[in-house]
Amino acid sequence: MADTATTAPLLTSHKPPKAPTIDDTIENYIGTTGVMQLFKAILLAFAWAFDAQQVFISVFTDAEPKWSCSGASASCSPAAPPASPCGLPPGAWAWDRPAETTMVSEWALKCAGPALVSLPASAFFAGCLAGGFLLTTLADSLLGRRKMLLTSLVSMSVAGVLTAFAPNVWAYAALRFVSGFGRSMVGTCTLVLSTELVGKRWRDTVSVAGFFFFTVGFLSLPALGYTFREASWRNMYLWTSVPSLCYSVLLYFLAQESPRWLLVRGRKQDAMDTLQQIASLNGNSITSSFSMLHACTMHADDGAGAGGAFATMRSMWERPWALRRLAAIMTTSFGVGMVYYGMPLNVGSLGTNLYLSVTYNALAELPSAVLSLAFIGRVNRRTTVVALTATAGAFSLMCVAIPEGSTARMVAELLSFFATITAFNLILIYSIELFPTSVRNSAVGLVRQALVLGGVAAPVLVALGRERSFWSFGVFGLCIGCLGLFAACLPETRGRGMSDTMEEEEHKEAAAAATACTATDIATKDNSDAV
(Lines of atoms letter the chains of each structure in order from A and count residues from 1; the text may use other names and numbers.)
(Lines give C-alpha, C1' and ligand atoms only; values in the text may rest on other atoms or scores of the structure.)
Protein backbone atom coordinates (compact mmCIF):
# COMPACT_ATOMS: atom_id res chain seq x y z
CA MET A 1 0.00 0.00 0.00
CA ALA A 2 2.83 2.34 0.93
CA ASP A 3 4.57 1.48 -2.32
CA THR A 4 1.44 2.37 -4.25
CA ALA A 5 1.14 5.70 -2.46
CA THR A 6 4.77 6.40 -3.12
CA THR A 7 4.69 5.65 -6.83
CA ALA A 8 1.27 7.09 -7.66
CA PRO A 9 2.34 10.74 -7.82
CA LEU A 10 5.22 9.79 -10.10
CA LEU A 11 2.85 8.02 -12.49
CA THR A 12 0.30 10.83 -12.57
CA SER A 13 2.92 13.51 -13.08
CA HIS A 14 4.44 11.73 -16.07
CA LYS A 15 3.74 13.70 -19.30
CA PRO A 16 2.50 11.83 -22.38
CA PRO A 17 5.03 11.52 -25.18
CA LYS A 18 4.97 14.30 -27.75
CA ALA A 19 3.25 13.38 -31.02
CA PRO A 20 5.70 12.92 -33.89
CA THR A 21 5.89 15.72 -36.44
CA ILE A 22 5.47 15.15 -40.17
CA ASP A 23 9.23 15.68 -40.51
CA ASP A 24 9.86 12.85 -38.03
CA THR A 25 7.34 10.61 -39.77
CA ILE A 26 8.79 11.09 -43.24
CA GLU A 27 12.38 10.66 -42.09
CA ASN A 28 11.40 7.49 -40.22
CA TYR A 29 9.71 5.85 -43.21
CA ILE A 30 11.88 6.84 -46.17
CA GLY A 31 15.21 6.71 -44.38
CA THR A 32 18.25 8.68 -45.53
CA THR A 33 17.82 10.50 -48.83
CA GLY A 34 19.29 8.24 -51.49
CA VAL A 35 21.01 9.03 -54.79
CA MET A 36 17.93 8.33 -56.93
CA GLN A 37 15.64 10.38 -54.73
CA LEU A 38 18.11 13.26 -54.80
CA PHE A 39 18.46 12.90 -58.58
CA LYS A 40 14.70 13.17 -59.08
CA ALA A 41 14.52 16.25 -56.85
CA ILE A 42 17.36 17.90 -58.79
CA LEU A 43 15.73 16.93 -62.11
CA LEU A 44 12.61 18.64 -60.84
CA ALA A 45 14.67 21.75 -60.05
CA PHE A 46 15.75 21.90 -63.72
CA ALA A 47 12.39 23.57 -64.46
CA TRP A 48 14.08 26.78 -63.28
CA ALA A 49 16.15 26.77 -66.50
CA PHE A 50 13.04 27.11 -68.68
CA ASP A 51 11.65 29.66 -66.24
CA ALA A 52 14.76 31.84 -66.69
CA GLN A 53 14.54 31.64 -70.48
CA GLN A 54 11.00 33.02 -70.55
CA VAL A 55 11.82 35.74 -68.01
CA PHE A 56 14.81 37.19 -69.87
CA ILE A 57 14.17 36.24 -73.50
CA SER A 58 12.89 39.75 -74.28
CA VAL A 59 16.42 41.10 -73.70
CA PHE A 60 17.15 39.84 -77.22
CA THR A 61 13.77 39.56 -78.94
CA ASP A 62 12.71 43.08 -77.89
CA ALA A 63 16.13 44.72 -78.24
CA GLU A 64 16.56 47.97 -80.16
CA PRO A 65 19.12 47.23 -82.91
CA LYS A 66 21.62 49.78 -84.12
CA TRP A 67 20.96 51.89 -87.19
CA SER A 68 23.03 54.03 -89.53
CA CYS A 69 22.55 56.59 -92.26
CA SER A 70 22.17 55.11 -95.73
CA GLY A 71 23.66 58.15 -97.47
CA ALA A 72 20.56 58.60 -99.61
CA SER A 73 19.65 61.92 -98.00
CA ALA A 74 21.63 65.02 -97.08
CA SER A 75 19.74 65.22 -93.79
CA CYS A 76 21.49 62.06 -92.55
CA SER A 77 25.26 62.05 -92.95
CA PRO A 78 27.13 58.82 -92.09
CA ALA A 79 29.95 60.98 -90.73
CA ALA A 80 27.69 62.88 -88.32
CA PRO A 81 24.40 60.98 -87.82
CA PRO A 82 21.63 62.54 -85.69
CA ALA A 83 20.83 61.18 -82.25
CA SER A 84 17.56 59.64 -83.45
CA PRO A 85 16.26 58.61 -86.89
CA CYS A 86 12.67 59.50 -86.03
CA GLY A 87 12.76 62.87 -87.81
CA LEU A 88 14.48 61.58 -90.93
CA PRO A 89 12.69 60.94 -94.24
CA PRO A 90 12.09 57.33 -95.39
CA GLY A 91 15.14 55.75 -96.97
CA ALA A 92 17.57 58.09 -95.23
CA TRP A 93 18.55 55.46 -92.67
CA ALA A 94 18.53 51.67 -92.27
CA TRP A 95 19.00 49.02 -89.60
CA ASP A 96 22.49 47.52 -89.37
CA ARG A 97 20.97 44.02 -89.33
CA PRO A 98 17.95 42.42 -91.05
CA ALA A 99 14.68 43.90 -89.80
CA GLU A 100 13.34 40.56 -88.58
CA THR A 101 16.10 40.14 -85.97
CA THR A 102 14.00 41.88 -83.28
CA MET A 103 10.35 42.80 -82.95
CA VAL A 104 11.27 46.52 -82.63
CA SER A 105 12.77 46.63 -86.11
CA GLU A 106 10.31 44.18 -87.72
CA TRP A 107 7.26 46.19 -86.65
CA ALA A 108 8.95 49.62 -86.91
CA LEU A 109 8.57 50.53 -83.23
CA LYS A 110 11.72 52.64 -82.97
CA CYS A 111 9.75 55.88 -82.90
CA ALA A 112 6.56 54.54 -81.32
CA GLY A 113 7.53 55.61 -77.81
CA PRO A 114 8.73 53.76 -74.69
CA ALA A 115 5.23 52.63 -73.67
CA LEU A 116 4.63 50.56 -76.82
CA VAL A 117 8.20 49.23 -76.97
CA SER A 118 8.03 48.03 -73.37
CA LEU A 119 4.44 46.72 -73.67
CA PRO A 120 5.29 43.02 -74.39
CA ALA A 121 7.79 42.79 -71.50
CA SER A 122 5.42 44.57 -69.11
CA ALA A 123 2.55 42.34 -70.31
CA PHE A 124 4.62 39.26 -69.46
CA PHE A 125 5.26 40.44 -65.91
CA ALA A 126 1.63 41.53 -65.56
CA GLY A 127 0.65 37.97 -66.55
CA CYS A 128 3.04 36.61 -63.92
CA LEU A 129 1.42 38.88 -61.36
CA ALA A 130 -2.15 37.93 -62.29
CA GLY A 131 -1.35 34.22 -62.44
CA GLY A 132 0.44 34.34 -59.12
CA PHE A 133 -2.50 35.87 -57.28
CA LEU A 134 -5.10 33.65 -58.96
CA LEU A 135 -3.22 30.34 -59.03
CA THR A 136 -0.92 30.39 -56.01
CA THR A 137 -3.45 28.93 -53.54
CA LEU A 138 -4.33 26.02 -55.85
CA ALA A 139 -1.04 24.30 -55.06
CA ASP A 140 -1.93 24.38 -51.35
CA SER A 141 -5.57 23.44 -51.76
CA LEU A 142 -7.12 21.76 -54.81
CA LEU A 143 -4.36 20.73 -57.22
CA GLY A 144 -1.28 20.21 -55.12
CA ARG A 145 2.33 21.00 -56.05
CA ARG A 146 2.80 18.43 -58.83
CA LYS A 147 -0.35 19.12 -60.87
CA MET A 148 0.07 22.87 -60.53
CA LEU A 149 3.68 22.66 -61.74
CA LEU A 150 2.77 20.55 -64.77
CA THR A 151 -0.15 22.84 -65.66
CA SER A 152 2.10 25.91 -65.44
CA LEU A 153 4.89 24.38 -67.52
CA VAL A 154 2.59 23.21 -70.30
CA SER A 155 0.68 26.48 -70.55
CA MET A 156 3.91 28.51 -70.56
CA SER A 157 5.43 26.30 -73.25
CA VAL A 158 2.37 26.30 -75.53
CA ALA A 159 2.08 30.09 -75.24
CA GLY A 160 5.77 30.37 -76.13
CA VAL A 161 5.33 28.30 -79.28
CA LEU A 162 2.34 30.42 -80.34
CA THR A 163 4.33 33.61 -79.68
CA ALA A 164 6.68 32.61 -82.50
CA PHE A 165 3.78 33.13 -84.93
CA ALA A 166 2.50 36.48 -83.57
CA PRO A 167 1.40 38.74 -86.50
CA ASN A 168 1.76 42.11 -84.70
CA VAL A 169 2.85 43.72 -81.45
CA TRP A 170 -0.63 43.53 -79.92
CA ALA A 171 -0.94 39.77 -80.44
CA TYR A 172 2.67 39.42 -79.28
CA ALA A 173 1.93 41.31 -76.02
CA ALA A 174 -1.24 39.25 -75.43
CA LEU A 175 0.64 35.96 -75.85
CA ARG A 176 3.41 37.20 -73.56
CA PHE A 177 0.73 37.89 -70.96
CA VAL A 178 -0.57 34.32 -71.33
CA SER A 179 2.98 32.96 -71.09
CA GLY A 180 3.59 34.96 -67.92
CA PHE A 181 0.27 33.81 -66.46
CA GLY A 182 1.25 30.18 -66.96
CA ARG A 183 4.84 30.71 -65.89
CA SER A 184 3.81 32.36 -62.60
CA MET A 185 3.79 29.11 -60.61
CA VAL A 186 6.75 27.28 -62.18
CA GLY A 187 9.43 28.57 -59.83
CA THR A 188 7.27 28.49 -56.71
CA CYS A 189 6.00 24.92 -57.16
CA THR A 190 9.44 23.69 -58.20
CA LEU A 191 11.11 25.20 -55.13
CA VAL A 192 8.50 23.99 -52.66
CA LEU A 193 8.01 20.52 -54.14
CA SER A 194 11.72 19.72 -54.55
CA THR A 195 12.50 20.70 -50.94
CA GLU A 196 9.53 18.72 -49.58
CA LEU A 197 10.62 15.55 -51.41
CA VAL A 198 13.97 15.21 -49.64
CA GLY A 199 15.11 14.89 -46.04
CA LYS A 200 16.23 17.75 -43.81
CA ARG A 201 19.89 17.37 -44.69
CA TRP A 202 19.42 18.00 -48.41
CA ARG A 203 16.82 20.78 -48.42
CA ASP A 204 19.28 23.65 -48.74
CA THR A 205 21.18 21.82 -51.49
CA VAL A 206 18.06 21.19 -53.54
CA SER A 207 16.93 24.80 -53.08
CA VAL A 208 20.23 26.14 -54.36
CA ALA A 209 20.20 23.61 -57.25
CA GLY A 210 17.21 25.51 -58.61
CA PHE A 211 19.28 28.72 -58.58
CA PHE A 212 22.05 26.97 -60.52
CA PHE A 213 19.62 25.80 -63.17
CA PHE A 214 18.14 29.28 -63.39
CA THR A 215 21.67 30.45 -64.24
CA VAL A 216 21.95 27.72 -66.90
CA GLY A 217 18.75 28.93 -68.53
CA PHE A 218 19.88 32.54 -68.34
CA LEU A 219 23.28 31.67 -69.87
CA SER A 220 21.65 29.82 -72.75
CA LEU A 221 20.02 33.03 -74.00
CA PRO A 222 23.19 34.89 -75.10
CA ALA A 223 24.26 31.71 -76.94
CA LEU A 224 20.89 31.42 -78.69
CA GLY A 225 20.78 35.17 -79.35
CA TYR A 226 24.23 35.13 -80.96
CA THR A 227 23.34 32.05 -83.02
CA PHE A 228 20.21 33.75 -84.39
CA ARG A 229 21.68 37.26 -84.57
CA GLU A 230 20.98 37.45 -88.33
CA ALA A 231 17.77 35.38 -88.21
CA SER A 232 14.25 36.05 -86.99
CA TRP A 233 13.61 36.67 -83.29
CA ARG A 234 10.84 34.03 -83.57
CA ASN A 235 13.48 31.29 -83.52
CA MET A 236 14.29 32.18 -79.92
CA TYR A 237 10.77 31.31 -78.81
CA LEU A 238 10.69 28.02 -80.70
CA TRP A 239 14.07 26.86 -79.40
CA THR A 240 13.13 27.61 -75.78
CA SER A 241 9.47 26.54 -75.73
CA VAL A 242 9.61 23.19 -77.56
CA PRO A 243 12.27 21.71 -75.19
CA SER A 244 10.22 22.99 -72.25
CA LEU A 245 7.17 21.14 -73.58
CA CYS A 246 9.18 17.90 -73.92
CA TYR A 247 10.50 18.34 -70.36
CA SER A 248 6.90 18.65 -69.12
CA VAL A 249 6.07 15.25 -70.60
CA LEU A 250 9.12 13.71 -68.89
CA LEU A 251 8.15 15.29 -65.58
CA TYR A 252 4.63 13.89 -65.84
CA PHE A 253 6.02 10.33 -65.56
CA LEU A 254 8.79 11.02 -63.03
CA ALA A 255 7.58 13.68 -60.58
CA GLN A 256 5.84 12.71 -57.34
CA GLU A 257 3.49 14.69 -55.15
CA SER A 258 4.80 16.04 -51.84
CA PRO A 259 4.08 13.56 -49.01
CA ARG A 260 4.05 16.49 -46.58
CA TRP A 261 1.22 18.16 -48.51
CA LEU A 262 -0.70 14.89 -48.77
CA LEU A 263 -0.46 14.40 -44.99
CA VAL A 264 -1.52 17.96 -44.24
CA ARG A 265 -4.50 17.51 -46.59
CA GLY A 266 -5.46 14.29 -44.79
CA ARG A 267 -4.84 12.04 -47.83
CA LYS A 268 -3.20 9.30 -45.80
CA GLN A 269 -3.40 6.52 -48.40
CA ASP A 270 -1.85 8.68 -51.12
CA ALA A 271 0.87 9.69 -48.66
CA MET A 272 1.55 6.01 -47.90
CA ASP A 273 1.89 5.19 -51.60
CA THR A 274 4.26 8.11 -52.15
CA LEU A 275 6.37 7.18 -49.13
CA GLN A 276 6.59 3.61 -50.43
CA GLN A 277 7.84 4.87 -53.80
CA ILE A 278 10.42 7.17 -52.22
CA ALA A 279 11.60 4.42 -49.86
CA SER A 280 12.06 2.05 -52.80
CA LEU A 281 14.17 4.71 -54.55
CA ASN A 282 16.42 4.75 -51.50
CA GLY A 283 16.71 0.96 -51.54
CA ASN A 284 14.45 0.56 -48.51
CA SER A 285 11.08 -1.07 -48.04
CA ILE A 286 8.38 -0.06 -45.58
CA THR A 287 7.10 -3.12 -43.76
CA SER A 288 5.50 -1.41 -40.77
CA SER A 289 1.84 -0.51 -40.50
CA PHE A 290 2.38 3.27 -40.84
CA SER A 291 1.35 3.62 -37.20
CA MET A 292 3.25 6.92 -36.88
CA LEU A 293 0.92 8.49 -39.47
CA HIS A 294 -1.98 8.20 -37.06
CA ALA A 295 -0.09 10.07 -34.36
CA CYS A 296 1.27 12.98 -36.41
CA THR A 297 -0.67 16.07 -37.44
CA MET A 298 -2.84 15.12 -40.38
CA HIS A 299 -4.88 18.20 -41.23
CA ALA A 300 -4.13 21.87 -41.64
CA ASP A 301 -5.54 23.82 -38.74
CA ASP A 302 -8.50 26.17 -38.83
CA GLY A 303 -9.41 25.45 -42.40
CA ALA A 304 -6.05 26.35 -43.90
CA GLY A 305 -6.03 23.21 -45.96
CA ALA A 306 -9.75 23.00 -46.66
CA GLY A 307 -12.70 25.19 -47.46
CA GLY A 308 -11.87 26.29 -50.98
CA ALA A 309 -9.01 27.61 -53.06
CA PHE A 310 -8.58 30.84 -51.03
CA ALA A 311 -8.86 29.34 -47.55
CA THR A 312 -5.08 29.44 -47.18
CA MET A 313 -5.10 33.18 -47.86
CA ARG A 314 -7.82 33.71 -45.27
CA SER A 315 -5.83 31.66 -42.77
CA MET A 316 -2.93 34.13 -43.12
CA TRP A 317 -5.08 37.28 -43.13
CA GLU A 318 -6.71 36.26 -39.83
CA ARG A 319 -3.38 35.99 -38.00
CA PRO A 320 -1.56 39.28 -37.30
CA TRP A 321 1.85 37.62 -37.03
CA ALA A 322 1.48 35.96 -40.45
CA LEU A 323 0.20 39.17 -42.03
CA ARG A 324 3.13 41.15 -40.62
CA ARG A 325 5.62 38.64 -41.98
CA LEU A 326 3.95 38.57 -45.37
CA ALA A 327 3.77 42.37 -45.66
CA ALA A 328 7.42 42.85 -44.63
CA ILE A 329 8.93 40.24 -46.92
CA MET A 330 6.70 41.23 -49.87
CA THR A 331 7.72 44.89 -49.51
CA THR A 332 11.39 43.92 -49.54
CA SER A 333 10.78 41.58 -52.46
CA PHE A 334 9.24 44.37 -54.55
CA GLY A 335 12.46 46.39 -54.43
CA VAL A 336 14.61 43.32 -55.10
CA GLY A 337 12.42 42.28 -58.03
CA MET A 338 12.62 45.69 -59.66
CA VAL A 339 16.41 45.50 -59.81
CA TYR A 340 16.62 41.75 -60.49
CA TYR A 341 14.38 41.90 -63.55
CA GLY A 342 15.31 45.44 -64.57
CA MET A 343 19.12 45.24 -64.63
CA PRO A 344 19.38 42.64 -67.45
CA LEU A 345 16.85 44.63 -69.51
CA ASN A 346 18.94 47.75 -68.93
CA VAL A 347 22.32 46.40 -70.06
CA GLY A 348 21.83 48.10 -73.43
CA SER A 349 22.19 51.44 -71.63
CA LEU A 350 25.72 50.54 -70.53
CA GLY A 351 27.07 51.29 -73.99
CA THR A 352 28.85 47.92 -74.26
CA ASN A 353 28.36 44.74 -76.31
CA LEU A 354 24.86 43.35 -75.66
CA TYR A 355 25.83 39.66 -75.81
CA LEU A 356 28.81 40.10 -73.50
CA SER A 357 26.84 42.28 -71.07
CA VAL A 358 24.05 39.72 -70.75
CA THR A 359 26.60 36.91 -70.41
CA TYR A 360 28.36 38.76 -67.59
CA ASN A 361 25.05 39.30 -65.82
CA ALA A 362 24.15 35.62 -66.23
CA LEU A 363 27.57 34.55 -64.96
CA ALA A 364 27.03 36.72 -61.88
CA GLU A 365 24.36 34.19 -60.88
CA LEU A 366 26.95 31.40 -60.52
CA PRO A 367 29.03 32.80 -57.64
CA SER A 368 25.79 33.90 -56.01
CA ALA A 369 24.47 30.33 -56.11
CA VAL A 370 27.82 29.00 -54.82
CA LEU A 371 27.82 31.48 -51.94
CA SER A 372 24.19 30.65 -51.16
CA LEU A 373 25.06 26.96 -50.97
CA ALA A 374 28.18 27.52 -48.88
CA PHE A 375 26.75 29.96 -46.35
CA ILE A 376 23.00 29.31 -46.24
CA GLY A 377 23.37 27.27 -43.05
CA ARG A 378 25.67 29.80 -41.40
CA VAL A 379 24.28 33.28 -42.06
CA ASN A 380 21.39 35.04 -40.41
CA ARG A 381 18.62 35.63 -42.92
CA ARG A 382 17.38 38.98 -41.63
CA THR A 383 20.62 40.95 -41.33
CA THR A 384 22.04 39.46 -44.54
CA VAL A 385 19.02 40.54 -46.62
CA VAL A 386 19.25 44.10 -45.24
CA ALA A 387 22.99 44.26 -45.96
CA LEU A 388 22.63 42.87 -49.50
CA THR A 389 19.83 45.24 -50.50
CA ALA A 390 21.76 48.24 -49.15
CA THR A 391 24.84 47.18 -51.13
CA ALA A 392 22.84 46.67 -54.33
CA GLY A 393 21.24 50.10 -53.95
CA ALA A 394 24.57 51.84 -53.42
CA PHE A 395 26.20 50.34 -56.53
CA SER A 396 23.12 51.03 -58.65
CA LEU A 397 23.20 54.70 -57.65
CA MET A 398 26.89 54.79 -58.57
CA CYS A 399 25.94 53.84 -62.15
CA VAL A 400 24.13 57.19 -62.48
CA ALA A 401 27.31 59.16 -61.80
CA ILE A 402 29.73 57.01 -63.83
CA PRO A 403 29.98 57.93 -67.57
CA GLU A 404 28.28 55.64 -70.10
CA GLY A 405 30.50 53.09 -71.85
CA SER A 406 33.16 52.99 -69.13
CA THR A 407 34.41 49.77 -67.54
CA ALA A 408 33.73 51.19 -64.09
CA ARG A 409 30.03 51.49 -64.91
CA MET A 410 29.90 47.87 -66.02
CA VAL A 411 31.64 46.77 -62.80
CA ALA A 412 29.23 48.78 -60.64
CA GLU A 413 26.24 47.32 -62.50
CA LEU A 414 27.55 43.77 -62.07
CA LEU A 415 28.20 44.27 -58.35
CA SER A 416 24.70 45.67 -57.88
CA PHE A 417 23.18 42.77 -59.80
CA PHE A 418 25.29 40.23 -57.89
CA ALA A 419 24.08 41.56 -54.52
CA THR A 420 20.51 41.58 -55.84
CA ILE A 421 20.72 37.97 -57.04
CA THR A 422 22.01 36.80 -53.67
CA ALA A 423 19.22 38.70 -51.90
CA PHE A 424 16.71 37.18 -54.34
CA ASN A 425 17.90 33.65 -53.57
CA LEU A 426 17.98 34.23 -49.83
CA ILE A 427 14.48 35.74 -49.78
CA LEU A 428 13.02 32.65 -51.45
CA ILE A 429 14.66 30.33 -48.91
CA TYR A 430 13.68 32.71 -46.10
CA SER A 431 10.01 32.69 -47.17
CA ILE A 432 9.95 28.85 -47.09
CA GLU A 433 11.16 28.95 -43.48
CA LEU A 434 8.79 31.71 -42.38
CA PHE A 435 5.54 29.89 -43.19
CA PRO A 436 4.23 26.35 -42.41
CA THR A 437 3.37 23.60 -44.90
CA SER A 438 -0.37 24.33 -44.82
CA VAL A 439 0.15 27.79 -46.39
CA ARG A 440 3.74 27.59 -47.63
CA ASN A 441 3.10 27.46 -51.37
CA SER A 442 0.62 30.35 -51.13
CA ALA A 443 3.03 32.46 -49.08
CA VAL A 444 6.04 31.76 -51.31
CA GLY A 445 3.82 32.43 -54.33
CA LEU A 446 2.84 35.85 -52.96
CA VAL A 447 6.49 36.67 -52.25
CA ARG A 448 7.37 35.77 -55.83
CA GLN A 449 4.51 37.93 -57.08
CA ALA A 450 5.93 40.86 -55.16
CA LEU A 451 9.22 40.21 -56.96
CA VAL A 452 7.36 40.10 -60.26
CA LEU A 453 5.44 43.29 -59.44
CA GLY A 454 8.79 45.03 -59.31
CA GLY A 455 9.48 43.48 -62.71
CA VAL A 456 6.27 45.00 -64.12
CA ALA A 457 7.58 48.51 -63.49
CA ALA A 458 11.14 47.73 -64.64
CA PRO A 459 10.64 47.76 -68.48
CA VAL A 460 9.05 51.23 -68.41
CA LEU A 461 11.87 52.57 -66.21
CA VAL A 462 14.43 50.98 -68.55
CA ALA A 463 12.81 52.63 -71.58
CA LEU A 464 12.83 56.02 -69.79
CA GLY A 465 16.39 55.44 -68.63
CA ARG A 466 17.70 55.28 -72.20
CA GLU A 467 17.46 59.07 -72.26
CA ARG A 468 18.36 59.75 -68.62
CA SER A 469 19.95 57.02 -66.52
CA PHE A 470 18.51 58.29 -63.22
CA TRP A 471 15.10 56.87 -64.21
CA SER A 472 16.60 53.38 -64.42
CA PHE A 473 19.72 53.01 -62.27
CA GLY A 474 18.76 55.80 -59.87
CA VAL A 475 15.22 54.60 -59.18
CA PHE A 476 16.46 51.00 -58.95
CA GLY A 477 19.00 51.95 -56.29
CA LEU A 478 16.61 53.99 -54.18
CA CYS A 479 13.86 51.34 -54.25
CA ILE A 480 15.96 48.32 -53.33
CA GLY A 481 17.96 50.20 -50.70
CA CYS A 482 14.97 51.70 -48.89
CA LEU A 483 12.52 48.81 -49.21
CA GLY A 484 15.15 46.30 -48.10
CA LEU A 485 14.99 47.84 -44.60
CA PHE A 486 11.57 46.21 -44.08
CA ALA A 487 13.34 42.85 -43.73
CA ALA A 488 14.50 44.03 -40.31
CA CYS A 489 10.89 43.49 -39.11
CA LEU A 490 11.07 39.73 -39.77
CA PRO A 491 11.99 37.02 -37.22
CA GLU A 492 15.23 35.11 -37.62
CA THR A 493 14.76 31.53 -38.91
CA ARG A 494 18.29 30.17 -39.23
CA GLY A 495 18.54 26.73 -37.65
CA ARG A 496 14.81 26.35 -37.03
CA GLY A 497 12.80 23.33 -38.20
CA MET A 498 9.99 23.69 -40.73
CA SER A 499 6.50 23.93 -39.24
CA ASP A 500 3.53 22.11 -40.80
CA THR A 501 0.51 23.98 -39.39
CA MET A 502 -0.26 27.54 -38.37
CA GLU A 503 -0.79 26.36 -34.79
CA GLU A 504 2.65 24.79 -34.66
CA GLU A 505 4.24 28.00 -35.97
CA GLU A 506 2.35 30.03 -33.37
CA HIS A 507 3.72 27.80 -30.62
CA LYS A 508 7.25 28.37 -31.92
CA GLU A 509 6.61 32.11 -32.04
CA ALA A 510 5.36 32.09 -28.44
CA ALA A 511 8.32 29.98 -27.30
CA ALA A 512 10.79 32.33 -29.02
CA ALA A 513 9.12 35.37 -27.41
CA ALA A 514 9.23 33.69 -23.99
CA THR A 515 12.92 32.89 -24.42
CA ALA A 516 13.66 36.48 -25.44
CA CYS A 517 11.76 37.82 -22.42
CA THR A 518 13.62 35.45 -20.10
CA ALA A 519 16.97 36.51 -21.53
CA THR A 520 16.01 40.18 -21.10
CA ASP A 521 14.94 39.62 -17.50
CA ILE A 522 18.18 37.82 -16.69
CA ALA A 523 20.23 40.58 -18.29
CA THR A 524 18.26 43.23 -16.36
CA LYS A 525 18.75 41.34 -13.09
CA ASP A 526 22.48 40.97 -13.74
CA ASN A 527 22.78 44.70 -14.41
CA SER A 528 20.87 45.47 -11.21
CA ASP A 529 23.09 43.16 -9.19
CA ALA A 530 26.16 44.74 -10.70
CA VAL A 531 24.93 48.18 -9.69
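Cβ atoms here come from the backbone N, Cα and C positions, even for glycine.
Caution: TrEMBL annotation is automatic and unverified by curators.
Under the heading domain 'Major facilitator superfamily (MFS) profile', TrEMBL lists 37-495. Mean predicted confidence for the domain 'Major facilitator superfamily (MFS) profile' (37-495): the pLDDT average there is 82.
What TrEMBL records for 115-136 (among others) is transmembrane segment.
Annotation source TrEMBL lists transmembrane segment at 148-167 (among others).
Residues annotated as transmembrane segment in TrEMBL: 173-193 (among others).
The feature transmembrane segment is assigned by TrEMBL to 205-224 (among others).
Per TrEMBL, the feature transmembrane segment maps to 236-255 (among others).
Look at TrEMBL and you will find 322-342 (among others) tagged as transmembrane segment. Below 8 angstroms of C-beta separation, residues 55, 125, 315-316, 385, 389, 392, 396, 416-417, 420-421, 423-424, 427, 430-431, 434-435, 439, 443, 446-455, 457-459, 461-462, 472, 475-477, 479-484, 486-487, 489-491, 502, 505 of the same chain, each at least six residues beyond the ends of the transmembrane segment (322-342), sit close to that stretch.
Non-local neighbours of the transmembrane segment (354-376) in the same chain are 56, 59-60, 63, 204-205, 207-208, 211-212, 214-215, 218-219, 221-222, 225-226, 343-344, 347-348, 410, 414, 417-418, 421-422, 425-426, 429; each lies 6+ residues outside the stretch with a CB under 8 Å from one of its CB atoms. According to TrEMBL, the transmembrane segment annotation covers 354-376 (among others).
What TrEMBL lists as transmembrane segment is 383-403 (among others).
The transmembrane segment annotation in TrEMBL covers 415-434 (among others).
Here TrEMBL flags 446-464 (among others) as transmembrane segment.
Marked as transmembrane segment by TrEMBL: 470-490 (among others). Residues 324-325, 327-329, 331-332, 334-336, 338-339, 342-343, 346, 349, 381-382, 385-386, 388-390, 392-397, 399-400, 413, 416, 420, 423, 430, 434, 454, 458, 461-462, 464 of the same chain, all 6+ positions outside the transmembrane segment (470-490), place their C-beta atoms under 8 angstroms from a C-beta of that stretch.
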Legend entry - Per Cβ pairs under 8 Å, the stretch of 115-136, 205-224, 415-434 packing most closely against the transmembrane segment (383-403): 415-434
Inset, instruction - May I ask you to check whether the transmembrane segment (148-167) and the transmembrane segment (236-255) make contact, with contact taken as at least three Cβ pairs under 8 Å and only pairs 6 or more apart in sequence counted? - result: yes
Inset, instruction - Taking the transmembrane segment (115-136) as the first stretch and the transmembrane segment (236-255) as the second, find out whether 3 or more Cβ pairs fall under 8 Å, excluding pairs closer than 6 in sequence. - result: no
Inset, instruction - State the residues, same chain only, that lie 6 or more residues beyond the ends of the transmembrane segment (415-434) and have a CB under 8 A from a CB inside it; answer 'none' if no residue qualifies. - result: 191-192, 195, 204, 207-208, 211, 325, 329, 332-333, 336-337, 339-340, 343-344, 361, 364-365, 367-369, 371-372, 376, 381, 384-385, 388-389, 391-396, 398-399, 440, 443-444, 447-448, 451, 476-477, 480, 484, 490-491, 493, 496, 498
Legend entry - Non-local residues, at least 6 beyond the ends, that sit with Cβ under 8 Å of the transmembrane segment (446-464): 55, 58, 114-115, 117-118, 121-122, 125-126, 128-129, 132-133, 136, 184, 187-188, 326, 329-331, 333-342, 345-346, 349, 424, 427-428, 431, 471-472, 475-476, 479
